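See structure below.
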Amino acid sequence: MNVFLERIWKYKFHYLLAFLPLLVILLLKFIPFFIGIYMAFVDYKTFYGWFGSEWMGWANFKALFDMREFGNILTNTLAIKLSYLGVVGALSLLLAVALSGIRSDRLRNAFVVLFLIPYFIPSAVFADTAAYLLLPSQSILSGGGFFPLSDPAYFRAVVYLLETLKTCGIPVFLALTAIRAYRSRSLASGFRQTSSFYPAFRVLVAFLLIQLSTILSTDFELLNRLNNPIVYSVGDTVDTFGFRIGFMNANFSMGSALWVFQFAVQLAFTLIVYFLIRTWFVRDLFAEGTVQAPIKLSKTNESAGIESGLSSGKNALGILAASLYSAIVLFFLYFLFVHPFLHGDSGGPGLSDVFSAANFVGFLLLYGITTLIGLMIIIMLAYPLTVSKLPGRGLYKLLLLLALTIGTGGTLHEFMVYREMGMINTVLPLLFNGIIAITGVFVLKGTFNASYASLKLQAEQEGRGEMRAFFLLFIPKVWKPLLGLGVLNFVCLWNSYIHSIIYLSRIQYYPPIAKFAVLGNNVDIHQYPETLLQAGAIVSLPPVLLLLLLSRFLTSEVFLGASRRL
């Protein structure tokens, strides 16, 4: 016991560092979480409150499982999720292998940046732009009045392709980084190895496993914009159905029961995936010497040595394959960022009626502050995980994985907690939901431990204090990936409209993306397409500019933090 207490005292700085963030998570996540579980077992009535409502036991779950829609939404969710994984996995493997054959670093990285741009476009903008391109009056595929988004036979295929186009850049970048690391290690060991398939395949398997940790979740904001009652039979998912019965129909108990079911399944998958990746794939994702390898790689002697082993045929095929996919991406980007401005004003509401400079700047500042607070929480939670023998480390990781599975807000029980606290129609729920990004904790821990664990151990053996190691070793080594995580967290906040619609009822308080969503609901895209697309382009500019300006901080490890949200 004395030895155990001595170890706790030795690492007291780690416990003190994590205390405040854990308290924040307890207040903002775990208390609403337990209320949500409780609501699933009662017949919740607003005027009776949480603890005055009648206890129902498992009746809500039985009623949920007996609903004819339940089997349909479960089938749709799994079909959309698994089909998307199959499509994005196959395409990413082909593109990564093709890109790895290109000799020019600059050209290869230009392709990677181009492939990543769709991810930085808000899902609402992406969906409305796609809907415009698929209109019978616009699409070469829609002759004779054919509109695939209103046809159950084609709706899912459109969703697979759109999700793949939006997110494919991330697994391509992950796989390409793994290929380069594999070749670098081979070159360092004296064997010239230009293999691409094996390292890319392993990383993509890990990427797909991470996706399976959210097996019952889809891109809600994309599907919510594309879905309509005509295609509910094939497009209604756990997320969209839960939002409809919970928030729109005010069936709080049934909505909570559905959420508990979704949470339980995804918690099991999250734990399984975590142990699989830790056992089999952690070296592929956090290989020593590959951390902080950004998108824009400068020409080095090492890269020159790798490229000298690439044939002219592979180079030509790589450029051809990447160019074909680039044409699809550029076609989409043209219709969002160029086409609506070339065709002038089509009438309808002006952009000044939708956005204001004060609104734009205000939310840039709010989300910037939220991101900074979130980064402080990430770094405070990640540092204790750099000590392999920290007492209670296993329980600590389990708590973080539980918080990770709970999610980042937008649930019924969190809405009701904020309502009871009088925070509706304030920006506080947006701030509180945005400061907790648990995936970044594991990314930062994995990034540091992959290359600098020996330095941490050396500092410990030399008797340097844990506080000293935190400020003079940990922070200097992780500030670049931490900044990259900040970029992605800011983009996630800026691009999401659902929290604003849940917590804010006054449109004048909406952030730009929520105002765009309202505009899309109120404006006929057939009549005023240019107005809608111009608004979408303006909303998309900040995240796209962040990608272009700060891409050197966006490493493959950083993008792992975004993989679970896809």
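Each Cβ is built from the backbone N, Cα and C atoms, and glycine gets one as well.
Looking at 395-418, 491-514, the stretch flagged in TrEMBL as transmembrane segment turns out to be 395-418.
Between the transmembrane segment (15-41) and the transmembrane segment (197-216), fewer than three CB pairs separated by 6 or more residues in sequence fall under 8 Å, so the two stretches do not touch. Here the transmembrane segment (357-383) has Cβ contacts under 8 Å with residues 14, 17-18, 20-22, 24, 400, 427, 430-431, 434-438, 440-442, 444-445, 448, 470, 474-475, 478, 482, 485-486, 489-490, 493-494, 511-512, 515, 542 of the same chain, all six or more residues outside its ends. Taking pairs at least six residues apart, the transmembrane segment (197-216) and the transmembrane segment (316-337) share fewer than three Cβ pairs below 8 Å and do not count as touching. Among residues of the same chain six or more beyond the transmembrane segment (395-418), those with a C-beta under 8 A of the stretch's C-beta atoms are 18, 22, 25, 29-33, 35-36, 39, 50, 213, 246-247, 252, 255-256, 259, 263, 266-267, 270-271, 274, 381, 384-385, 424, 428-429, 432-434, 436-439, 441-442, 498-499, 502-503, 564. Counted as Cβ pairs under 8 Å, contacts with the transmembrane segment (532-555) are highest for 316-337 among 154-176, 257-277, 316-337, 430-448. Away from its own ends, the transmembrane segment (316-337) comes close to residues 91, 94-95, 98-102, 107-108, 111, 114-115, 117-118, 121, 125, 129-130, 132-133, 165, 533, 536-537, 540 of its chain (Cβ-Cβ under 8 Å, at least six residues beyond either end).
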